[in-house]
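Record features, source TrEMBL:
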- 26-476: domain 'Major facilitator superfamily (MFS) profile' (DOMAIN)
- 21-39: transmembrane segment (TRANSMEM)
- 77-97: transmembrane segment (TRANSMEM)
- 104-123: transmembrane segment (TRANSMEM)
- 129-150: transmembrane segment (TRANSMEM)
- 162-181: transmembrane segment (TRANSMEM)
- 193-215: transmembrane segment (TRANSMEM)
- 285-308: transmembrane segment (TRANSMEM)
- 320-341: transmembrane segment (TRANSMEM)
- 348-369: transmembrane segment (TRANSMEM)
- 381-405: transmembrane segment (TRANSMEM)
- 417-434: transmembrane segment (TRANSMEM)
- 454-472: transmembrane segment (TRANSMEM)
Amino acid sequence: MPAAGFVSGGGVGANAPKNRFAGIAMTAFSAFGGILFGYDTGVISGVKEMKDWLRTFGHPDSTTKTGYAISSSDESLVVSILSAGTFFGALLAAPTADYMGRKWGIVFACLIFSAGVAMQTAATEIPLFVVGRVFAGLGVGLVSCLIPMYQSECSPKWIRGAIVSTYQWAITIGLLLASIVNKGTQNHDDHSAYRIPIALQFVWAAILAGGMSLLPESPRWLIKRGRDADAAQSLSRLTGYNTTDPEIESELDEIRANLEAEVALGESSYVDCFRFTKNKIALRTLTGITIQAWQQLTGINFIFYYGTTFFNNSGISDPFLINIATNIVNVFMTLPGMWGVERFGRRRLLLVGAIGMCVCEYIVAIVGVTISVQNIAGQKVLIAFVCIYIAFFASTWGPIAWVITGEIFPLQVRAKAMSLSVASNWLWNFGIGYATPYLVNKQPGSAGLESKVFFIWGSTCFCCIVFTYFCIPETKGLSLEQIDLMYQNTTPIKSLEYRRRLMADGNLPTEKAADVHEDHKSQEEKV
Ligand code: BGC
């Protein structure tokens, strides 16, 4: 019986799948949700600086460039309320995914998101705009959890990492699009200045919802709901095999057997996500929550949220161009990450990325405190290292944090544990966004760290190295069910060897996994 994971080989003769790439294309399409995520988080920073927006929502102020200003409390409300929405949206993703299913959950998220976009587009006063941001945030939070869940459950194991990475790629494209659209409309003298960039989000939501309604549901969710015939149909569309093909039957058997074993272990409440079981559920949930926290603590959003202000203070002449440049690096350097995640594996890339980011951030900190604002050559070095830092993030921690979150949980608690992990991403996203001005600015009441803040990001990246070494197993090429076995039978540090044996044994049936472990142990003892 082959291990589940949506048959990786091509198959020949009568057993050949009709079109195995259709499934890959379908699963990759859902990455479009990343555009919603990236665009929505990116659009507000430009919108809130637009003259027409400030005139509509703020008050006259002759001391500013536009002649209008908005109170600090309104500004921080408008910016940070999205995080409140996304945090609760991520938590809501668990019941939504379990009750409605992964696919219809995403369509539902698009509807909530669109309601939020409608309110923001129509608003001419702060309260409606803020409520709109909350609804849009709920939608983004839901999507940010449901997309990697859907992709992980629907993609073939040999390319799962690359497919989930397309989601991160879409996030980066969304961020870039937002900065370009903002730049395009910022000088309009009427409400179209901000209404166009905001309303454009209807298009993203419509494409995602329309496309998702045509895609198959996750076969793993269907099995969990006891809808075996539908699961076979869905798996057939995803793999290109006929529903009666032995490949499909054995895949379904494997998912079913695994689920039964998990169900036998008991109910799955939120408390169960933290139980110390043979299945190491607590370790896995904490790993998911922590990897998302560390991804934020790499300091990436310091660049994307405050980069413009930071580079302005550093005396760089066109911070807007630097903003575009950092976004372009982010988009293009995600591509090698998508390839590398299946070539070099998750653990190795996370280690390399954390080391690279750590070194770059210390260099930026040291250069920043040593040179003066007038030192143009020095400022260029600073930007170059910021770009190299982004390149390391984009090709490693950006996509792989989502890949890991999508694949390390057993089916029984997957929705809950994933939603807790994604909620952790948004919580830290909010915390860092909120705290940064206080850390960086020189005003009274703030720590005035300026470029020294990079010493903090360098140190957090050092923690990322330690965390990866002890907590991240190598899961490349394994089915979600094999990952379950891996957690049961070995530790992250020894996972490379265990994985090699699991893969060498080909389509290893569940019962045999224990033997591998025993075998492995006795080998180790001999050594
Ligand atoms: C992070 C976001 C970040 C983006 C940058 C995502 O994976 O979760 O917070 O803004 O990457 O590309």
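Every residue gets a Cβ built from N, Cα and C, even glycine.
Nobody curates TrEMBL annotations by hand; they come from automatic prediction.
As the structure is a computational prediction, the values presented were derived from the model and not from experiment.
Residues 283, 287, 290-291, 294, 297-299, 302, 346-347, 350-351, 353-355, 357-359, 361-362, 364-365, 368, 397, 404, 439, 492-493 of the same chain lie 6+ residues outside the transmembrane segment (454-472) yet bring a C-beta within less than 8 angstroms of a C-beta in it. Remote same-chain residues near the transmembrane segment (348-369) are listed as 298-299, 314, 337, 340-341, 378, 381-382, 385-386, 388-389, 392-393, 395-397, 400, 450-455, 457-458, 461-462, 464-465, 468-469, 472, 474 (criterion: CB distance under 8 Å, separation of at least six residues from the stretch ends).
Looking at which of 21-39, 77-97, 129-150, 285-308, 417-434 has the most CB pairs under 8 Å to the transmembrane segment (381-405), the answer is the stretch 285-308. When the stretches 21-39, 104-123, 129-150, 193-215, 285-308 are ranked by Cβ pairs under 8 Å to the transmembrane segment (417-434), first place goes to 285-308.
Long-range contacts of the transmembrane segment (129-150) within its own chain (CB-CB distance under 8 A, at least 6 residues past either end) are made by residues 27, 30-31, 33-34, 36-37, 40-41, 44, 57, 77-78, 81-94, 96-97, 102-103, 105-106, 108-121, 123, 164, 167, 201, 205, 208, 218, 402-403, 405-406, 414-415, 418-419, 422-423, 425-426. Looking at which of 21-39, 77-97, 193-215, 285-308 has the most CB pairs under 8 Å to the transmembrane segment (104-123), the answer is the stretch 193-215. Between the transmembrane segment (21-39) and the transmembrane segment (285-308), the number of CB pairs under 8 angstroms, six or more residues apart, is fewer than three, so the stretches are not in contact. Within the chain carrying the transmembrane segment (285-308), a Cβ under 8 angstroms from the stretch's Cβ atoms is held by residues 42, 45, 175, 273-274, 319-320, 322-323, 326-327, 330, 354, 357, 361, 386, 389-390, 393, 397-398, 401, 404-405, 408-409, 413, 417-418, 420-422, 424-425, 427-429, 431-433, 436-437, 440, 453-454, 456-457, 460-461, 463-464, 467, 471-472, all 6 or more beyond its ends. On the 0 to 100 pLDDT scale, the domain 'Major facilitator superfamily (MFS) profile' (26-476) averages 90 in the predicted structure.
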